[in-house]
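This report refers to the structure that appears directly beneath it.
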């Protein structure tokens, strides 16, 4: 009699490898690893899952879908959770959940498993997303259920023939995708400890970065980055290339104590060279092209959208409504930003746009000025009228 199938979100690490062994007693385990741009050896991960005991092993390249359907939303909405974190991990979880559900439907599985602990945000993101897509799917969290210490987990792995990674003594917990790299644990858990250089993986120390600045040009079409230094690229490829270029200059290092969804504070080290560079450049093109009222209101939407995505609500109607608003604002966001990369900073030093609302003849103080300064007197009188009336009423009341 065949066992029920379970779909396991598989990373290739110790937790999910042990999970295969733990689950296969009661299920036929189908492992699924998604490539969101973390740069792992996918062939190795595929084979390892089968070696440990999975009956099937899927490795799926979703970088392009991740870039266009998820990262682009964060990019166009300048998504920084608590004004610092560009939502690196939070963005990939809805997509991973979506693919897990799709595969479950394809092979007739009724259960999905993940390798999250009981104190992180990701358990919530996976389970809320899966429930939003299919309420009938059961979710198992082996790591949360077994409550083993690291030593007990290693002992179980060795007893059951699960390969123990050679870098297991590495104190850090790292998650990486196209949009950046997140690092926690070890010495980083004490917020008074400066993050050592070994905690960083995709950026050069600003002190060790090149002594000469590098200038790059990023072109946007309706808010979408379409070319880098004149070369037209797919979004995923453009982000990867920017990660290399800006990372070399130490751009995008973020040290942040954040408020987790589960109620605790956590110290995180993020490296987001491509993200920070793109977000900086995009904002400058918006400054040229958005009317004042949209430019002033959009940050309110951006902040709320960042919170919703961080807090596991990608598939909520509120999130989708705010995404629709953001997309509407991007129709005029066309242009090119010139960015100076130098020792940890990404600074826009020039910008141009065919949709620009900047009129040099109105802005200039030279003889080319076309601004009607005589109109200022009447404007000031009407603009200040409510304040004048209020002041007069207050005086008469005394």
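Positions of Cβ are set from backbone N, Cα and C atoms, glycine also.
Look at residue 11 (ATP binding site): DSSP puts it in coil. The annotation ATP binding site is assigned in Swiss-Prot to 9, 10, 11, 12, 13, 14, 15, 16, 17, 115 on the grounds of sequence analysis.
According to Swiss-Prot, the L-citrulline binding site annotation covers 85, 121, 125, 173, 258, 270, on the basis of sequence analysis. When secondary structure is read from DSSP and collapsed to three states, residue 270 (L-citrulline binding site) falls in the strand class. Neighbour density for residue 270 (L-citrulline binding site): within 10 A of its CB lie 26 other CB atoms from the protein chains shown.
The L-aspartate binding site annotation in Swiss-Prot covers 117, 121, 122 and is backed by sequence analysis. Annotation for residue 121 (L-citrulline binding site): spatial neighbours 89, 90, 260, 261, 262, 310, 312, criterion Cβ-Cβ under 8 Å with sequence separation of six or more.
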With every protein chain in view, what's the tally of Cβ atoms within 10 Å of the Cβ of residue 122 (L-aspartate binding site), excluding that atom itself?
20
Count the Cβ atoms, other than its own, that fall within 10 Å of the Cβ of residue 17 (ATP binding site), considering every protein chain shown.
28
Nearest to residue 258 (L-citrulline binding site) in three-dimensional space, by Cα, is which of the binding-site residues 9, 13, 17, 117?
117
In sequence order, what residues of the same chain, 6+ apart, have a Cβ less than 8 Å from the Cβ of residue 11 (ATP binding site)?
33, 45, 115
Rounded distance in angstrom between the Cα atoms of residue 85 (L-citrulline binding site) and residue 117 (L-aspartate binding site)
21
All-chain count of other Cβ atoms within 10 Å of residue 258 (L-citrulline binding site):
17
